[in-house]
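What follows is a single structure, written as C-alpha cells, with notes after it.
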C-alpha cells in the first residue's frame, strides 16, 4: 500500500515538472510559429536558436515585485491564480498515456483509472470559472471585472456545447472511463470516425473558447480591456495565470487526443506504425492539436463578442443536439 502511494506521488511530481517545462517551451514554439507566418525569425538571441528564451522570461517575471492594489481583497487576490493553476494540473489525474503489461495483463498507464473520468474532467473544467471570477472581483478594477464577466459567460456557454459533444462519444462507447473509451472507439469501423468529424471540429473550436485562446480571447482584448481579468497582477501570481492558461491548452489537447483522435493507437492500422510505442503516438497527437492552436492564433482575426455567442447558441448547440439523436439512433438500432 505504501509503495503504491509513493509511486503515485512520484508520478504526480514528475508530471507537474514535465508539464511546467512543456508550458515554457510551448510559449517558445508559439512565438516561433507566429514569427514564421509573418516572415520573421522570432526569439534567437538567448541560447542556441533562442532555446533559453523561456528560462530568461521566467527569471524576469519571478524577479518582479508582487503588487497588490490598495482596494483589492488580498487573500482572494492571491488565491485566484492558485485555483487556476492547480485545476490545470489536477485534470491530468485521469488522462491515460498508453498501456503497460503487468503480470501478462495490459493496464492503462494513468495516475487514477476511475470509471467516471469524463465526469471528473467536466467538473474540473466547470471549476475553472471560479478562479477567473474571483480574480476579476478581488482586483476591484473595472477592466478586471469586465474581463472576468466576459470570460465566465464565454466559458459557461461553451461548456454547454462541450457536454453534448462528449455525450456522443459516451453513447458510441457506452463508458465514462477514458481508457475504455479509447479501446472501444478503436474497435469501431472507420466510417464512425468520419461521422464524428463535425463533433471533432466543434470540440476543437469549443476548447479554443474554453481556454480563452485566439480568436476567442475576448476576456483579454487589448484594445478594450487592456489585459482582462489579470490586468492588476504581476510577478508570481501573473506567472501562475500564464502557466494555467498554457497548461489548460495542453490538457484540452490531451482530452481531444483521447476522445476523438484514438488516444495511444496509431492513426492507421498498419503493422509498421504499431511498432512505435503508444505513448509516442499520444504525445504526437497532443503536439498536432497544439500546433492547430498556434496556427489559428497566427492566421485568424478576433471574433466580436456577439459573434462568439451566436456561434455557440445558434450554430453549435443545435448541431450537437441533432448529432446526439443521430448517434443515439445508430446505437439503438445496433448499426454501430
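Count begins at 1; order follows the chain as displayed.
Even glycines carry a Cβ here, placed using N, Cα and C.
Here's what Swiss-Prot has on this protein:
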TRANSMEM  9-29  transmembrane segment
TRANSMEM  77-97  transmembrane segment
TRANSMEM  116-136  transmembrane segment
TRANSMEM  156-176  transmembrane segment
TRANSMEM  188-208  transmembrane segment
TRANSMEM  236-256  transmembrane segment
TRANSMEM  275-295  transmembrane segment
TRANSMEM  315-335  transmembrane segment
Next item on the list: Would you kindly check 9-29, 77-97, 116-136, 188-208, 275-295 and say which stretch has the most C-beta pairs under 8 angstroms to the transmembrane segment (315-335)?
Entry: 188-208
Check: So which residues does the transmembrane segment (116-136) touch in its own chain, when a touch means Cβ under 8 Å and the partner is 6 or more beyond its ends?
Finding: 76-77, 79-81, 83-84, 87, 90-91, 93-94, 144-149, 151-152, 155-156, 159, 162-163, 166, 170, 176-179, 181, 210, 219, 229-230, 233, 241, 244, 248, 255
Checklist line | Long-range Cβ neighbours of the transmembrane segment (156-176) (under 8 Å; 6 or more residues past either end) | finding: 115-119, 122, 125-126, 129, 184-185, 188, 192, 196, 199, 202-203, 206-207, 209-210, 259-260, 309, 312-313, 316-317, 320-321, 323-324, 327-328, 331, 336
